[in-house]
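Right, one structure below, let's go through it.
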């Protein structure tokens with residue numbers, strides 16, 4: 001499948017990254033986690049004391065994606081591997097705000113388009129099918145109930161040793177949905193030619209097989 005690109009979009013904790021990794025593995029394609037790119041920039045934003053001059057921040061940022069056979073995609077921010085810090089609560093709380101800024105979006109989208117130019121890419125995010133890969137051969141818009149998404153996020157946090165409250169996670173996910181869908185730049189929306197896939201109550205394998213059956 002080195003001659004096609006696959007775009008997976010959807011709201012927070014809909015299972016995009018997990019499924020994208022599995023689909024890429026099954027098809028021997030390269031998985032690109034665009035959310036990690038925005039999280040890396042958010043991490044730098046926080047480390048620099050939340051500066052509001054995003055043009056300056058981006059102009060002084062170097063971002064690279066590398067691939068490790070064991071650990072998978074790694075994010076190098078200014079030549080340092082920051083991958084293990086990107087799921088911290090503080091980063092999660094600020095990433096929507098940072099990702100909504102035009103300099104940040106333009107910077108990340110440029111890198112994403114360059115990565116996808118050679119084809120053979122599975123990419124997940126919120127504007128992949130609409131902005132980054134409008135010509136992707138397969139576009140899937142993944143959804144799931146807020147309750148299930150909160151439970152998934154709590155399990156992810158537990159695996160990473162991060163404490164979280166389920167009800168608070170539900171509120172945060174609902175707030176994130178509203179923010180992502182209503183921001184001016186690259187709002188979360190389904191591409192006209194995308195196929196909607198509800199992952200509520202489905203296993204990783206079931207969802208993976210459904211997507212593979214669309215090819």
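Backbone N, Cα and C define each Cβ position, glycine as well.
Taken verbatim from Swiss-Prot:
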- 10, 11, 12, 13, 14, 15, 16, 17, 18: ATP binding site (BINDING)
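Feature annotations (Swiss-Prot) mapped to structure.
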{"residue": "10", "record": "ATP binding site", "contacts (Cβ under 8 Å, 6+ apart)": "16, 124, 126, 141, 142, 143, 144, 188"}
{"residue": "12", "record": "ATP binding site", "contacts (Cβ under 8 Å, 6+ apart)": "149, 153, 173, 176, 177, 180"}
{"residue": "14", "record": "ATP binding site", "contacts (Cβ under 8 Å, 6+ apart)": "142, 143, 144, 149, 199"}
{"residue": "18", "record": "ATP binding site", "contacts (Cβ under 8 Å, 6+ apart)": "204"}
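Other than 10, 11, 12, 13, 14, 15, 16, 17, 18, the residues of this chain whose Cβ falls within 8 Å of the Cβ centroid of the ATP site are, in sequence order, 19, 124, 142, 144, 149, 152, 199.
Residue density at residue 16 (ATP binding site): 25 other Cβ atoms are found within 10 A of its Cβ, drawing on all protein chains shown.
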